[in-house]
Amino acid sequence: MASGPGSQEREGLLIVKLEEDCAWSQELPPPDPGPSPEASHLRFRRFRFQEAAGPREALSRLQELCHGWLRPEMRTKEQILELLVLEQFLTILPQEIQSRVQELHPESGEEAVTLVEDMQRELGRLRQQVTNHGRGTEVLLEEPLPLETARESPSFKLEPMETERSPGPRLQELLGPSPQRDPQAVKERALSAPWLSLFPPEGNMEDKEMTGPQLPESLEDVAMYISQEEWGHQDPSKRALSRDTVQESYENVDSLESHIPSQEVPGTQVGQGGKLWDPSVQSCKEGLSPRGPAPGEEKFENLEGVPSVCSENIHPQVLLPDQARGEVPWSPELGRPHDRSQGDWAPPPEGGMEQALAGASSGRELGRPKELQPKKLHLCPLCGKNFSNNSNLIRHQRIHAAERLCMGVDCTEIFGGNPRFLSLHRAHLGEEAHKCLECGKCFSQNTHLTRHQRTHTGEKPYQCNICGKCFSCNSNLHRHQRTHTGEKPYKCPECGEIFAHSSNLLRHQRIHTGERPYKCPECGKSFSRSSHLVIHERTHERERLYPFSECGEAVSDSTPFLTNHGAHKAEKKLFECLTCGKSFRQGMHLTRHQRTHTGEKPYKCTLCGENFSHRSNLIRHQRIHTGEKPYTCHECGDSFSHSSNRIRHLRTHTGERPYKCSECGESFSRSSRLMSHQRTHTG
């Protein structure tokens with residue numbers, strides 16, 4: 001087909017646009033990835049010797065980048081080893097799944113293996129669904145097929161790309177030099193175009209990314225149908241955004257149409273001959289599935305008798321580019337959309353719809369051509385937003401699904417790019433993709449479900465190679481192995497004390513900060529540990545469980561009951577020392593007391609060999625060797641090795657004098673000073 005003056009003018013505009021885009025991309029500096037571990041990893045792998053002034057600087061730079069990537073001060077040796085193994089594992093994956101797994105950023109080897117196994121199962125199931133009916137027939141798919149899989153089919157053919165080619169016949173009808181078009185034919189094609197299914201088959205589309213481009217044949221093939229009810233439920237800002245994105249999408253399709261060779265599909269009319277289009281067969285590249293009338297829908301005949309499916313309560317509204325930009329005014333004859341609060345919208349009359357469908361008549365109205373964008377080929381049929389791959393489109397379409405579910409309900413948490421949208425959406429549907437069949441508990445990720453199911457099966461696949469103990473989670477195994485290796489990776493930045501577990505470090509840091517996050521709701525007293533709060537709360541529960549007739553007291557558990565009961569009945573405590581007759585309420589107190597008689601000192605200092613009868617005395621003694629002073633004054637910054645010394649020091653700031661003389665009433669901050677003062681009264 002010869003190109004007219006209008007076509008040459010469009011090619012000139014295309015060249016100018018490409019040069020402008022290239023200049024703009026050259027002027028913009030590359031964005032700084034920042035100091036995150038991922039950025040350091042990327043810089044570490046791409047570092048070149050020429051970037052440094054010399055070998056010493058190159059080595060120093062590599063050490064700095066590797067340190068920023070692996071974070072040895074925060075990770076253990078096992079975690080660093082697992083990170084390196086995970087990187088190599090992702091590198092050796094097959095090309096068809098490597099990029100998809102890397103985009104999901106698995107945090108452990110176990111999670112990466114689970115993702116690869118899921119993808120392999122889905123790819124195998126896809127290959128089984130490809131049905132070949134002989135040469136020259138179509139490939140019918142229940143789901144979009146990756147390009148690599150489609151190429152294996154004998155019926156999938158790719159024609160060589162032509163260097164110079166005029167637009168396709170259907171697009172030429174819209175963009176041709178003649179502004180006169182048959183509005184009746186445009187309306188027929190628009191109304192007969194199939195509706196895109198919003199929901200993909202359950203559990204398949206999210207894991208399958210379309211690697212090949214999927215292009216519509218012409219502008220009418222990507223006309224989007226939105227019911228007036230759905231359009232009315234959108235707020236003004238979202239309507240404006242939809243218009244902008246639809247216009248951008250049409251411009252992309254316009255620029256792509258002239259570069260893609262057409263593929264004739266049997267049974268589908270792409271010209272102007274007036275033949276019927278068969279809606280029961282879809283082209284593989286369109287990515288559409290055949291659809292018949294669903295329950296509650298009825299067929300209607302268009303002007304040439306082509307059947308199309310439409311819901312009885314939804315009027316299809318075709319968003320052509322001029323309407324998407326808001327340049328085509330809504331006349332009283334055509335009607336205009338109202339807000340959902342009014343609820344009195346009526347479909348436009350037959351003649352008005354015909355005029356609206358014939359509104360865009362020239363290439364100028366479709367916007368300037370843009371450069372070929374192979375990474376934006378998947379259009380949302382509801383808002384017109386463009387996506388680089390099919391999995392992102394499916395994930396985006398669930399937003400519209402949730403909007404339909406939440407009409408009339410307060411579901412504002414779904415919008416605004418909430419990262420937990422998928423979980424909220426599944427909660428609205430009353431089901432989740434990953435559900436435990438034993439207890440019914442639902443999870444947002446398959447790896448979480450696998451970890452949970454081990455609580456039912458009792459499976460413990462992670463075994464310690466030293467003692468043979470098994471664990472259900474890899475993290476629990478790493479934590480256990482520190483008891484054998486003596487590793488203590490968590491260090492207190494204040495005093496330098498090291499710990500094997502992060503929870504112990506957090507508990508220790510409260511000594512320095514004075515934080516007491518556990519507060520009693522009865523009296524307001526705060527505690528640094530939850531166990532201390534539990535013990536304290538029992539003092540407020542006097543009316544519970546075990547009342548006494550002798551003293552009217554009540555205790556919260558059976559152990560104090562037995563102790564108090566023995567004090568009332570036998571006038572003695574439960575644990576009595578056979579040597580001196582002294583009694584104790586707890587067995588551990590009796591054991592500690594008996595060491596004063598036996599002279600036993602089971603706790604030995606490894607540095608000087610001195611023995612102690614109590615573990616607390618050994619810990620206090622070891623601070624003499626280490627010089628550790630974990631107790632810091634927040635007023636002046638002084639540090640102390642014992643908590644009692646810090647408490648005594650704090651009284652110099654607060655002015656507290658808790659020791660009072662019973663003779664004259666004078667108060668003192670230390671008990672030793674009170675004792676010295678009392679000697680003045682006794683002589």
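Glycine is treated like the rest: Cβ placed from N, Cα and C.
When the residues Lys375, Lys435, Lys441, Lys573 are compared with Swiss-Prot, the one annotated as SUMO2 cross-link is Lys573. According to Swiss-Prot, of the residues Lys569, Lys582, Lys660, Lys582 is the one noted as SUMO2 cross-link. The candidates are Lys157, Lys519, Lys525; Swiss-Prot tags Lys157 with the feature SUMO2 cross-link. Residues 631-653 are the range that Swiss-Prot records as zinc finger, among 33-55, 102-124, 631-653. Record note: of Lys187, Lys299, Lys385, Swiss-Prot gives the feature SUMO2 cross-link to Lys299, with no matching annotation on the rest. Residue with Swiss-Prot feature SUMO2 cross-link, selected from Lys17, Lys572: Lys17. Listed in sequence order, Glu576, His593 are the same-chain residues six or more apart from Lys582 (SUMO2 cross-link) with CB atoms under 8 A from its CB. Using DSSP to sort the residues of the zinc finger (659-681) gives these counts of helix, strand and coil: 11 helix, 4 strand, 8 coil. On the 0 to 100 pLDDT scale, the zinc finger (434-456) averages 84 in the predicted structure.
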